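Worksheet for the structure shown next.
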Amino acid sequence: MSDKPLTNLNFSSLDLHPALLTGLTRAGFTLCTPIQALTLPVALAGRDIAGQAQTGTGKTLAFLVVVVNRLLSRPGLVNRNPEDPRALILAPTRELAIQIYNDAVKFGGNLGLRFALIYGGVDYDKQREMLRKGADVVIATPGRLIDYLKQHEVVSLRVCEICVLDEADRMFDLGFIKDIRFILRRLPERCSRQTLLFSATLSHRVLELAYEYMNEPEKLVAETETVTTTRVRQRIYFPAEEEKIPLLLGLLSRSEGMRTMVFVNTKVFVEGVARALDEAGYRVGVLSGDVPQRKRETLLNRFQKGQLEILVATDVAARGLHIDGVNYVYNYDLPFDAEDYVHRIGRTARLGADGDAISFACERYAMSLPDIEAYIEQKIPVAAVTAELLAPLSRPERASNGNGDTVGDISPHSLDVLVAQEWRRGKPRGSPGERDGRPRVGKGPRSDGGGGRRRTKFRLETERDSSVDGAVTPVFGVSTGIVSAPGKEVGRNLGRRRRSRSMDSGESGHVVATTAQVAVKSGSQPSLLGRIGHRIRSLLNMF
């Protein structure tokens, strides 16, 4: 938060509890921001409000002042149980809940109020015990709170006096709306409690929720998205897909030491971008949905302290973050939703400061640009991708194959997949000849004349067993995934098993054969049934 004088309304001019006013002054808050000046007079009078304001405009302090002032000014119920909180604040993400808690403790921790922070990803039993001991204000994410609400002896909302929904539009985006309705139905009647709703956009679905669960809320709009984006210096580049990393590195080299956030649309590409920045020598942190909660908190703390230069994040992970001093925001991928664009660039230019937002519109995401420009009601200036901006990428080292040649670094798994794909297409990798120091004989034509059983996609290498005449030994092949015992046929979909004839004594080495070919004739000697039939015919001819 900041005490930057964005309005002339002083906190001392409001009807605040003396202890609360002292805490605000001690924390450095003297003048109100526009959203605070607009909402505090209405909310302090006990009215419900639906306020529209961007993150970083001071709305967190606005509803915290209302909550704390109400609890200090009005005594709680005498028969209130420890598990009955007087106030509830709901946030869509863990990071936002943590930041609200930290702000609440900053100026309200010495006022005799107990705050409880409830969110997933951390010790379940510890939080449950905290709720059982009692708290005046519960700051929570919906999912973990519902878990405790279903355990009736842990927490109850039957005497809750005031409820706050922060980032209400994000609740819809993350699919929490059913959870929110579940929680609101367990509060006292809407005429018996006060409800404050804050959202970056007061869309139809947000207002529908407000009118359904709030008591004649007053709609208050502090500023539109266009006003917010005018404080951000925006520009957009149109790079090819392969130019995005070099362009990002080139632009970052021109703003060394600046606190930067890079937004990527998917978790898969987050890792790739972060790896490229790390290899270029930057101190990088990754914030995505797969990062464990404790690690997320550590990363945010290090980024806030300046130990990390760049934070690469997805929209879900970074929504609602309150990080001061972010100078640059890069949209490595243009977002699909225009609202997400506004939320991204809102990480910079907070509380009246200036910032830079740089976007890349590649062929994959450029179609989002018209909607974004229509939403913010302005054209984003276009910058040219020049050769001077593209940083050269170092070529990866190539390993030697032992013969003086260099080979690409192909992982064994990728090689196995490639070999399997080629065999499924009937095109074996490589040509007959030396392989792993052993001679290889090319695959011959099918002995069944092309008819009969369908060939399988597996292959086996068979070799003569010199100790057993006429035995065929299937050996582990590249794409079989099965190790066979000597003298036994192995494979999928073999059907009826047949005895195989011995190999021609003139053959040597390895023969590449399918499992179907292993089971058919492989030499000139007749099978056992053939020899028996020949013997019977000979005996009949004697008579």
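From the backbone N, Cα and C atoms, a Cβ is placed for every residue, glycine too.
Keep in mind it's a predicted model, so treat the numbers as computed, not measured.
According to Swiss-Prot, the protein has these features:
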type	residues	note
BINDING	Ala53, Gln54, Thr55, Gly56, Thr57, Gly58, Lys59, Thr60	ATP binding site
DOMAIN	40-220	domain 'Helicase ATP-binding'
DOMAIN	231-391	domain 'Helicase C-terminal'
REGION	422-466	region 'Disordered'
REGION	487-509	region 'Disordered'
MOTIF	9-37	motif 'Q motif'
MOTIF	166-169	motif 'DEAD box'
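Projection of Swiss-Prot feature records onto the structure.
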residue : record           : CB count, 10 Å
Ala53   : ATP binding site : 25
Gln54   : ATP binding site : 23
Gly56   : ATP binding site : 25
Thr57   : ATP binding site : 24
Gly58   : ATP binding site : 25
Lys59   : ATP binding site : 26
Thr60   : ATP binding site : 27
Secondary structure tally of the motif 'Q motif' (9-37) (DSSP, helix then strand then coil): 17 helix, 2 strand, 10 coil
Contacting positions for the motif 'DEAD box' (166-169) when only residues 6+ beyond its ends and CB under 8 Å are counted: 55, 59-60, 63, 89-93, 96, 100, 197-201, 203, 206, 209-210, 319-320, 339
Rounded mean pLDDT for the residues that make up the domain 'Helicase C-terminal' (231-391): 88
DSSP three-state assignment (helix, strand or coil) for Gly58 (ATP binding site): coil
Residue distribution over DSSP helix, strand and coil in the motif 'DEAD box' (166-169): 2 helix, 0 strand, 2 coil
